[in-house]
Amino acid sequence: MVEVEKKIKEGLTFDDVLLVPQYSEVLPHEVDVSTYLTKRIKLNIPIVSAAMDTVTEARLAIALAREGGIGIIHRNLPIKKQAEEVEKVKKSESGMIINPVTVKPDTRVKEALDIMAKYKISGVPVVDEERKLIGILTNRDLRFIKPEDYSKPVSEFMTKENLITAPEGITLDEAEEIFRKYKIEKLPIVDKEGKIKGLITIKDIVKRKKYPNACKDELGRLRVGAAVGTGEETLDRVAALVEAGVDVIVVDTAHGHSKRVLETVEKIKANFPEVDVIAGNVATAEGTKALIEAGADAVKVGVGPGSICTTRIVAGVGVPQLTAIMEAASAAREYDIPIIADGGIRYSGDIVKALAAGASAVMLGNLLAGTEEAPGETIYYQGRAYKVYRGMGSLGAMSSRLSSDRYGQEKMEKFVPEGIEGRVPYKGKLADVVYQLVGGLRSGMGYVGARNIKELQEKAKFVRITWAGYRESHVHDVQITREAPNYWVD
């Protein structure tokens with residue numbers, strides 16, 4: 001028995017440790033919280049939303065990208081629907097829309113209105129067969145139409161005289177001057193032949209100023225990721241997502257250190273070398289190394305730490321999250337590949353600990369599921385608002401069969417769930433939640449004396465605490481009369 005005990009490693013999680021405060025010359029508002037999701041994708045805040053059907057669809061992904069993070073669209077959707085969610089994010093705003101939605105002059109008004117409603121846009125350029133700009137149709141043109149006008153062509157209503165356009169190569173600052181001078185809302189970009197090449201809107205100029213920290217690609221579009229599995233339709237799903245403009249693919253499984261996942265990563269990288277791939281989940285250095293050597297551009301770490309996950313209890317498998325992060329980081333460091341801490345984050349202080357332990361970013365589910373933008377249903381219980389939150393290993397999530405392969409159960413007639421369905425308190429706007437989380441991160445970095453996340457990882461010193469130390473860390477010997485937005489007790 002003594003020999004067995006010597007072989008058993010100790011596993012620690014966030015509540016087992018604290019960061020030691022150190023000499024600091026940096027204030028919280030001075031720290032740089034930017035990081036890299038992969039070598040090519042920079043985030044302005046180290047927050048990624050979980051690919052869960054009660055957490056991330058287009059609305060939340062847009063809100064998070066505007067704050068500087070990135071959302072991962074869940075895969076519990078048909079391929080076409082998931083691609084549409086990605087497309088909504090990519091088309092939500094742009095420095096310049098490279099391939100703007102257009103209509104032909106003979107397009108019916110009803111069809112044009114449907115297109116505008118689908119993409120939540122207030123107007124569309126009208127082009128001929130050669131894509132030469134011949135007019136523009138906006139809400140103002142359609143403001144006083146009657147029901148009998150729905151079947152008429154847009155050419156009867158579009159603005160075609162004195163169109164204001166701009167040449168290729170125009171800067172956003174120059175475009176802003178044109179908007180101001182002519183008091184227009186949309187500026188088509190055309191080449192020397194008059195063919196449409198892009199579109200700049202006043203809304204994008206306004207959003208650029210309103211969300212200066214937004215996470216955007218080189219074309220000024222918000223970044224977004226999407227999850228895929230390991231099933232037979234995976235490459236078809238990836239193809240549709242890439243066509244929609246996805247920035248990163250996440251091979252999302254419960255056990256990333258497996259033959260099927262490794263082969264899937266290799267296939268995606270071979271067929272779509274232009275897209276970055278994140279793979280997971282793993283909890284060991286060996287699993288991390290295997291995924292990196294298969295071609296993963298980042299590795300997702302976490303087996304069973306999530307609030308709605310029962311893997312550790314049902315299967316008896318897992319590694320406490322802090323130890324898992326440290327082990328994975330030690331392996332990833334040799335390849336200069338980022339890792340993402342997925343699960344177990346309850347407070348902003350846990351984010352600081354996860355990053356200090358070696359993660360480049362954290363993936364959040366529970367902390368974001370209660371936001372207004374999350375797709376979970378809003379319910380009321382005893383006079384208080386909640387939002388539905390469920391694990392992707394829950395019976396409800398797996399019943400669609402689209403996510404059951406995450407737990408290797410896609411061919412089973414009766415599922416063995418590794419997650420539960422529950423509710424979390426409604427928290428309001430995502431921006432307010434993220435503000436508190438990033439504020440806590442900034443404070444933690446200030447205490448450690450770290451100007452950026454790299455310095456945090458270099459300077460971090462952990463101290464292990466006892467149960468008494470943990471109890472002392474929380475509010476004690478008092479009744480809370482006014483709750484804080486960044487602290488709660490179970």
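From the backbone N, Cα and C atoms, a Cβ is placed for every residue, glycine too.
Look at Swiss-Prot and you will find 96-154 tagged as domain 'CBS 1', backed by sequence analysis. Using DSSP to sort the residues of the domain 'CBS 1' (96-154) gives these counts of helix, strand and coil: 14 helix, 16 strand, 29 coil.
Annotation source Swiss-Prot lists domain 'CBS 2' at 158-218. The DSSP breakdown of the domain 'CBS 2' (158-218), given as helix, strand and coil counts, is 20 helix, 16 strand, 25 coil.
Annotation source Swiss-Prot lists NAD(+) binding site at D252, G302, V303, G304, citing sequence analysis. The Cβ of G302 (NAD(+) binding site) lies under 8 Å from the Cβ of G280, N281, A283, Q321, A324, A341, D342, G343, G344, M363, each of which sits 6+ residues away along the same chain.
In the three-state DSSP assignment, the secondary structure recorded for G306 (K(+) binding site) is coil. Taking all protein chains in view, 25 other C-beta atoms sit within 10 angstroms of the C-beta of G306 (K(+) binding site). Residues annotated as K(+) binding site in Swiss-Prot, with sequence analysis given as evidence: G304, G306, C309, E472, S473, H474.
Look at G391 (IMP binding site): DSSP puts it in coil. The feature IMP binding site is assigned by Swiss-Prot to S307, D342, G343, G344, G365, N366, Y389, R390, G391, M392, G393, E418.
Summarising the annotation, Swiss-Prot assigns active site, proton acceptor to R406 and lists sequence analysis as the type of evidence.
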Compute all pairwise C-alpha distances among D252, G302, V303, G304, the residues listed as binding NAD(+), and give the largest one in whole angstrom. 14
Have a look around H474 (K(+) binding site) and count the other CB atoms within 10 A of its CB, chains all included. 10
Including all protein chains shown, what's the count of other C-beta atoms within 10 A of the C-beta of G343 (IMP binding site)? 25
When the Cα of V303 (NAD(+) binding site) is compared with the Cα of each of the binding-site residues C309, Y389, E472, S473, H474, which one is closest? C309
Closest to G306 (K(+) binding site): which of the binding-site residues D252, Y389, G391, going by Cα position? G391
